[in-house]
Amino acid sequence: MASKDFAIGMILLSQIMVGFLGNFFLLYHYSFLCFTRGMLQSTDLILKHLTIANSLVILSKGIPQTMAAFGLKDSLSDIGCKFVFYVHRVGRAVCVGNACLLSVFQVITISPSEFRWAELKLHAHKYIRSFILVLCWILNTLVNITVLLHVTGKWNSINSTKTNDYGYCSGGSRSRIPHSLHIVLLSSLDVLCLGLMTLASGSMVFILHRHKQQVQHIHGTNLSARSSPESRVTQSILVLVSTLCYFTRSPPSLHMSLFPNPSWWLLNTSALITACFPMVSPFVLMSRHPRIPRLGSACCGRNPQFPKLVR
């Protein structure tokens, strides 16, 4: 085993452990809320599904890539390769969809009554579960089903000269036109979600900035320097959106989608980048989101008081 492969394997293993710990804590938190309250609030429900999707991405991409880095490149069968590739694609798409839904739902929730979309508050709370189920899970499971047609195990592609090597699995030969159409479809969904997230985040910054100015006008300019719940929510959403935009549309990820037979450097760089958002997002939420306790507070048995800004 080359030293560079061992180093990549250790980094991937560290990402899996850290990401799994953060997402497991959030899943435990939301499961506890579900059992104690009987039903999760809308924001909690979105974050729960985002956490589930994060876990799917970490496990389906991180574990096979780590095994390949440690020399176990032929460990997955044909069915195993199809399964992990399909789960990873669906999990990644659901991550983007839930993050988009979270941004849009948050800006609707905190919109003042004079905003036009404030009328959507009641409808958004009522149909949020349908949005998550249909737009995030069902749509993405259908769109990504073509993965099952071209991904195979490496042992099943040894005698084929028209395969794309992805480290632990292979992609069979495909017609360029259907493949290009599939890439355009997936990219269009990503661009739509990322555009909605950017618009919603910008609107939220504007709303919260105007709210801060109104508070300063009422109470004077001598406000506490401590970060307010409004600014913490704004920062957490902006960090999540910025992180997702960068790691989803990074140059290595785009290159992996457009060009076959990626190099060793591109293959492993893409794997490291792919795991960054699922690994970072739970800790961003725990550190700044007012409704989620910090990991240290939960471990020490503290019960922090949550602001009521986010519903």
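Going from the start of the chain as shown, residues are counted 1 onward.
Backbone N, Cα and C define each Cβ position, glycine as well.
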Membrane side match, S3 / S130, Swiss-Prot record: no
Contact call for the transmembrane segment (52-72) against the transmembrane segment (188-208), three or more Cβ pairs under 8 Å: no
Candidates 6-26, 131-151, 188-208, 265-285; stretch with most C-beta pairs under 8 Å toward the transmembrane segment (93-113): 188-208
Highest-contact recorded stretch vs the transmembrane segment (265-285), from 6-26, 131-151, 188-208, CB pairs under 8 Å: 6-26
Contact set, same chain, for the transmembrane segment (6-26): CB under 8 Å, 6 or more residues outside the stretch: 47-48, 51, 54-55, 58-59, 62-63, 65-66, 69-70, 268, 271-272, 275-276, 278-279, 281-283, 285-286, 292, 295, 298
